[in-house]
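Lifted from Swiss-Prot, the feature list:
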type	residues	note
TRANSMEM	14-34	transmembrane segment
TRANSMEM	52-72	transmembrane segment
TRANSMEM	90-110	transmembrane segment
TRANSMEM	113-133	transmembrane segment
TRANSMEM	149-169	transmembrane segment
TRANSMEM	171-191	transmembrane segment
TRANSMEM	219-239	transmembrane segment
TRANSMEM	254-274	transmembrane segment
TRANSMEM	288-308	transmembrane segment
TRANSMEM	318-338	transmembrane segment
TRANSMEM	376-396	transmembrane segment
């Protein structure tokens, strides 16, 4: 099975799938500013019920993505990563059109779940690039790739809000579908992969996949680290606007300030991710991961002690710059410990744990805030990251299998 494209076509693939990740990130985030309004339009009027059903509609996509990811990862190792990119982009485009026609909350939930099942563009993009990029440039390549979805997620809510104001809620779903279809077309014509399909009987079992890992204990730790990164990122989401209101008092532009402070980590990530990736290629991604996990703890604790919102914004910018190094470092370390034949499944397992973190992070933050106050969320999150730091440090000290 030959996975390496000729010459430097991996660079072309990197730039094309970066654009695909950008379109996917933008497409997903286009609808986020008005999802509660769409739930309300579907008949959920009570305030408490609206909060509940909006949360369910948001989380169900990640839940079903986590369930489906291992299946698609196994299929990508048999049929190729480009096919999975095409399947994901086209499938999500079709579902977005159907969401635009939803008539009640149950139809929306089913379609949001289907969106999670058919998703997976980003992990398959990671697997494609990971199996093609020279090892010495893997940190930079995966760091650069990570900025694609971040860029799309940053610009998506702004464009989505403008489109919803201009054209209404439902047309935005059709526009999102068009964006995802463009992603499908770009991938179809411009991504190259030299892949020899593997028959079902020759495909490795799950036990064989894990047995083939160079350092199974470390890879499992990296899966867990991915989940904790998303838990730490998402734990603040439910309380951020309310915490800013507590810090700022009665201000007229709360929504604008909250939006800016919510966005600054992504802006910092765009700047720092490729640079940390190059640093990881030079000194080792394990050192970068341990260093940034430790730094993030020292960013989280002061957030509980700030006295005004601009201090919170500055700390979130620094945290975003630090966090940008973590997932690419994890992915690079995973790449070091796998063979190309199992890349799809291993990256899909990692994505599944990432989705679990996306679901549990906001739930944890909301629970801690409800019982102990907003500031306790930052202390609790720092404690979780500290536990992960110790676990990672111990795992890195475990000898690699010969």
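Positions of Cβ are set from backbone N, Cα and C atoms, glycine also.
Between the transmembrane segment (318-338) and the transmembrane segment (90-110) there are fewer than 3 Cβ pairs closer than 8 Å, counting only pairs 6 or more residues apart in sequence, which means the two stretches are not in contact. Within the chain, the transmembrane segment (288-308) has long-range Cβ neighbours (under 8 A, six or more residues past its boundaries) at 139, 225, 232, 247-248, 276, 279-280, 315-316, 318-319, 322-323, 325-326, 329-330, 333, 375-379, 381-382, 385-386, 388-389, 392-393, 396. For the transmembrane segment (52-72), the partner stretch with the highest count of Cβ pairs under 8 angstroms, out of 14-34, 90-110, 113-133, 254-274, 376-396, is 113-133. Note on the transmembrane segment (14-34): residues 85, 88-89, 92, 96, 121-122, 125, 128-129, 133, 141, 144-145, 147-157, 159-161, 163-164, 169, 172-173, 175-176, 179-180, 182-183, 186-187, 190-191 of its chain, located 6 or more positions outside it, place their CB under 8 angstroms from a CB of the stretch. Counted over residue pairs separated by six or more positions, the transmembrane segment (219-239) shares at least 3 Cβ pairs under 8 angstroms with the transmembrane segment (376-396), which defines the two as touching. It is 90-110 that, among the stretches 90-110, 113-133, 254-274, 376-396, forms the most Cβ pairs under 8 Å with the transmembrane segment (171-191). Sequence-distant contacts of the transmembrane segment (149-169) (same chain, six or more residues past either end, CB-CB distance under 8 Å): 21-34, 37-38, 41, 122, 175-176, 259, 263, 266-267, 269-270, 273, 324. Residues 217-218, 221, 224-225, 228, 231-232, 235-236, 239, 286, 289-290, 293-294, 296-297, 300-301, 303-304, 364-365, 368-369 of the same chain lie 6+ residues outside the transmembrane segment (376-396) yet bring a C-beta within less than 8 angstroms of a C-beta in it.
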